[in-house]
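Trainee: Please read through the structure below; I'll follow up with questions.
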């Protein structure tokens, strides 16, 4: 059939005009139309937040299909598996719509084919695609197609550590042993182990793996900075310019301060103050030295300049005016600290080069040996697979040409988050002029995953400067947010983001613009709010504030506004989302919202199970039972709702003895033998008596019963399970408690017994700052959402609260003794031996850690990259809101304004200040104060602690107190009493006819075993229950060093393999290998199948050989059904299952079954499966009326294959 031709620029212009003049309610923008139809060259679409980039991508793909391009001729890379699934769903919907409107049968047929082809088309992550290439063409590198992915970090660490240890030993005894020891000590200091050095090696290795060719990067770039920056003349010009800029900025800021009336006050004699004159002199010197730098100093005089600056400016960072401190000199101090000692640094820096060459050799050797170990294991990391794929395409022109010819277009979503490995893959798949890239550098927030926004930026600039290389299309219309959100976002980033910090100039071409008239409507009440807790830090006595990312007081501030929105503006809770920077340590928010009755659901893998209040109470209860001398746990138990001791009660108990453990004090109080027994009131005595009796009962019970039974006894004795059911989020709380009992049960089933071991396991999890997975329950529909900013990317919410904007950015990487740069290589802190600089009798040994020049340059590059990423993170967070945006932090109302009053530079905050600021709040307040004469579209509101009382905050659904000791109160409803009576009667009937009630019509062998284990000893296949039960995954953490294989998955794969082997008179190893490739199982599962044993079975065993001889009588994977009678109730039921295989001969049947169970003694398995094989034999007898059945087990789980004949 003939398809429509692709459009030229004139055709596209016509469509743009028609769209503009149409009466569509939602019109496509000219830029969207251009992005959909442009053809014949590379296209980069810079799509701002909410601009419809997914819409554009789907429409472009659909247009390709309608013009005759098959779906399998498109390569479409997405950032996540989820994004790929959503893209496929949208495509299916659009194709179905096109099918309905298609006029020709040929087109309908073609579109139907594309609809079918979506699931097998190359639409997915780059990881998935590179695996596909290596599976198919890995043989060119000697890589087996049956490899598995090393996803378990423990397994990776075991292999890495073994390789490292062997290599470390070789270097310690090699020809450069003395230098190597010096290298190790440079990073490990006086530590006796080499752990710090090992971490540096792993850091370099991981960084190199993010490049498109790790070995080449290590050989050509790793030492580049160390070999280049060896003297003053090598210092980059931009570093000098940056220093001079900081000097001028400092002078300008100081001049602004001297102009303040408060500062210019004269002394009593009418002359300027000493400080005033001193600061005027500093201004004069900084301006003079910066303007005449080349004449006065030049690069060789940088050390002298740094010393001159040090001599004239104060040693501290701040200048105080009218009681307010201004950090005027902070940035300047930071910039000159390394320059002051450059002469000394250059003197010793050369010594470090040989050590770095040694480190280079070590990492290269480590990389190669680690790779060889993985090849031996046939298990690889994702980065290995990606590099194999690149190597395959680079070294095999025919394979590369195959893909380049195949793909009409190479498309990529979220291009700003590409790394260099992915970029190289896209280059190899493209023919040079058929790439389509969609992204937004302002939303590049995955640097921790080695994403490099400069890849996008380089394309952006190249296409902007030279359109022949590719077409740049900018989508800036936002179809998500109201004008209040767009205006505030623009007002912040117009003054904040440029190429220095943020990696792109936020000019008019990037400013967000409302895409529809509806969004342009003004809603003054929805103006963006910066809500700040008014505090001088010392005002808050939040002992918990360091424990959480957001303090309880800030959480109250948020709760108050949410309750106001809900009650006064009728905003549903589900329309509100809280965004945080981290997915951990948000307990303060959870607890505060619980307190005020605000429903809250967390998203994105929040793991706070062990930190939930109800679980913490139970863990402390178990700790106390295990060891009553654990004061912390015991006091927590007494204070908990289970026993309700208050502070006064605990104080009276505590003073019964000064030195004893608290449990002994409780016993003294119980027997009234303490130092102050007169303080034990009758009411308190009754409480203690009840506690002691209950507690001792629990301790006695724990000695002879399982953990599961103990936990449920605690729940029932103190009605604790019922108690949490009366609290907010009752379903979640009860599910957590239920999960604790099941997890304890699973723990004991693993072979570990006892309360002490269980507690140690839990404590180990907590010590490692880990947690157990949260229990999933049916989440409330109308609840506030809590998620990380990263998780929110691509989503939209009506009301957004960005929390904890006063939290400092993490700069931990900048303090590392080793900093890496993709372009300049390594920079280190070098520990120099400077004892020759001083007289030996004064200091016999002097070692100084100095920041080498490459380190200083890399440090500044890393700092700017970190600040740029944080700025983009703030942009992502602010652009999630549809209606209203809140930003929440804390600051001092009396001090903040002057602190952030800066001098604008090119309509931006000064670069020096932007580099100094380390919180979102710093940026927001500085913009607000510096540009206060402009309309900024966001307000700053301070809230005092006095406004955050319970009375001011309010409550959503206040709950009544629950008394666990009052059984009448807990069962107060007559209806409940009657219901319980009826249920008890029903339960009696249920117990009487339990067997018949629980018996389903159809059973499998394993279910028969479950109910009638005393009668039969069998084990079979799948379990079918008649009553559907909610099943929750209560997995305990795996502390083993290697990933365990799922026995069920392995068993299923072996059975499928045995079914797929093409049977003949002579089964060969090639037949088994071929069948294995067809098995539908994970690569790791297939790799675990020991096909050598299967080959041995066919080649060496009598049964295996006989099966091959009688292949025409062979039946495999044969289903059966058989009627049985329940011996207890007389009810009839059907047993159903699948027999692995049997030979149907003239007068007998040979029945065999494969087992992958681990075993030492085969007789154990013979006994275990006696019942199952008997059932299978009975079914075959009834089916064929043949009495003689020979039964065999083929055991694959031992060191050697065993064939066991059953009785």
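Cβ atoms here come from the backbone N, Cα and C positions, even for glycine.
Straight from Swiss-Prot, here's the annotation block:
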| type | residues | note |
| --- | --- | --- |
| BINDING | 47, 48, 49, 50, 51, 52, 53, 54 | ATP binding site |
| DOMAIN | 26-482 | domain 'UvrD-like helicase ATP-binding' |
| DOMAIN | 508-794 | domain 'UvrD-like helicase C-terminal' |
Trainee: With an 8 Å cut-off on Cβ distance to the 47, 48, 49, 50, 51, 52, 53, 54 Cβ center, who else from the chain surrounds the ATP site?
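Mentor: Residues close to the ATP site, other than 47, 48, 49, 50, 51, 52, 53, 54: 440, 475, 478, 479.
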Trainee: Quick one: give me the count of other CB atoms within 10 A of the CB of residue 48 (ATP binding site).
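Mentor: So the number of other Cβ atoms within 10 Å of residue 48 (ATP binding site) is 23.
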Trainee: Could you check the binding-site residues 47, 49 and say which one's CB has the fewest neighbouring CB atoms inside 10 Å?
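Mentor: If we count Cβ atoms within 10 Å for the binding-site residues 47, 49, the smallest count is at 49.
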Trainee: If you draw a 10 Å sphere on the Cβ of residue 50 (ATP binding site), how many other Cβ atoms land inside?
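Mentor: The answer is 23.
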Trainee: Just checking, which of 51, 54 (binding-site residues) has the fewest C-beta atoms within 10 Å of its C-beta?
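Mentor: If we count Cβ atoms within 10 Å for the binding-site residues 51, 54, the smallest count is at 54.
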Trainee: With H, G and I counted as helix, E and B as strand and the rest as coil, say where DSSP puts residue 51 (ATP binding site).
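Mentor: Reduced to three states, the DSSP call for residue 51 (ATP binding site) is coil.
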Trainee: Need one number: mean pLDDT over the domain 'UvrD-like helicase C-terminal' (508-794).
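Mentor: 82, rounded to a whole number.
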Trainee: Under a criterion of Cβ-Cβ distance under 8 Å and sequence separation of at least 6, what residues of the same chain contact residue 52 (ATP binding site)?
Mentor: 32, 475, 477, 479, 515
Trainee: Using a 10 Å cut-off, grab the number of neighbouring Cβ atoms around the Cβ of residue 53 (ATP binding site), all chains included.
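Mentor: Total other Cβ atoms inside 10 Å, all chains included: 22.
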